[in-house]
Structure formats: structure tokens, C-alpha cells
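As given in TrEMBL:
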- 26-61: region 'Disordered' (REGION)
- 27-47: compositional bias 'Low complexity' (COMPBIAS)
- 48-61: compositional bias 'Polar residues' (COMPBIAS)
- 79-201: domain 'MSP' (DOMAIN)
């Protein structure tokens, strides 16, 4: 029995040593009934009183660091509302170039620049690929993609695409002309709005997603035609599919001139 008791006491001592309280807590708790009196005397000690402000400052600094780290881990606030929100629907037509559409709306109170990126720039492109939306303004972007034929005995509708699209946003000053340098110069302020996955639809089978896609494509075409009308008389020269030469050249020249003037400040 003595051996068992000794082993038990040693085991309890080991467990207690693992759960031992920190030194600060031990100092403040004291022994038995003298805990309150020792706490009062330590509070009255001048040395402890003098050290209190520095400890409070360190606690505030640690608290600020904690909140800064927590803030950095929070998701960025979205500036755009996307419809569909996280997918791009394409009719599945192997060997053909098909189209999808996405409604982009600026839900912020500031002007916002947006930009498309894709993992397959050789087989996919967007119209428009970038632009600036005013507060509450929206547009329907058209996305073009070439559909690869199925391999081996793969069933058509089981084919999955690894292609992804990314939409980024950047808050800009009002009445700013879009130039590619915007996202490079302010890359720390760029927000990734969404990563869009590709989903294929059977063009022969009606479904809500397919009907919605047809409506969005029709609206996008109507908006494109309305933008082309004034350009027939005074608009810039258009070469190919949506490639505007003169307008982009003028915008870039104005932007570079503005940057040069702002960079040379009087001393």
C-alpha cells in the first residue's frame, strides 16, 4: 500500500506540475488567507505602481497588433455584384467558339475599375476585358471560349473544364480614364472579387440557367449595338473585334502626361 500511495502522490505531482499556474498568478494569489493582504500591500508598493503604465502600454500595443492581424485576415469588402455570382455558363458545343455572359454592377459609392483575367488567354477572351463603372452603374460582359472536343470515350456533358476566370476591382477617382497601368501602380489596393468556374450546359435541354444566359447575351448585344451608333460619325477607328486604336492611344497619352505633371512638383 505504501508503494501504491507513493506512486500515486508522484503521479499527482507530475500532473500538477503540468498544470502549474504562471508566476504572476501565483504572486497575486499568495498563500491561504493572506492573499488579499499581500495583494493590497503589493498595490501600495511604489515600485509596482511605477511599473504599471509601461505594462499597460505593452498590453495596448499587443492588443493593437492583434486587431491589425485579425483585420488583415478578414475578407476584403466587395465593390462589385456579379450575376452569376461564381460561375460562367457555356453551351457545350465541341469544336466551336461559344459565349457566356456576366452582369457586373458597381455597388459602392465610388468609381471602380474592373479587370478580367483567365488561365487560358489563348482560347478565351472577354468583351470588354476591363473598364470603369460609376456608382450604381452596371454592364453585361461577354466571355468567349473555344470548347475542346471530348477525349477517348468521355461523354460530352461529363467533360470538365479547368479554365478559370478572375475578376479584380480597384477604387479610382471619378472621371478617370482606364489605362492598363492602373492595376500595376496600385496593386496593393486591388481586390479579387471572385474566381469564376466554367460550367457547361446542354444546348438542347432547356433549363433556367440556359434561358437566363440567352437573355443576358441578347442584352449585351443590344448594348454593344447602341454604343456603336455614335461611333460611326465621330467615334474612333475600330480594327477587328472590339480593338479600339485611337481612343486608347489618346487616353494613355493623357494619363502619362498627367502622371508626369503630378510627379514634377515645385520645390
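Quick reminder: no glycine exception, Cβ is built from N, Cα and C everywhere.
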Predicted model, mean pLDDT over the domain 'MSP' (79-201): 90
Composition by DSSP (helix, strand, coil) of residues within the domain 'MSP' (79-201): 11 helix, 64 strand, 48 coil
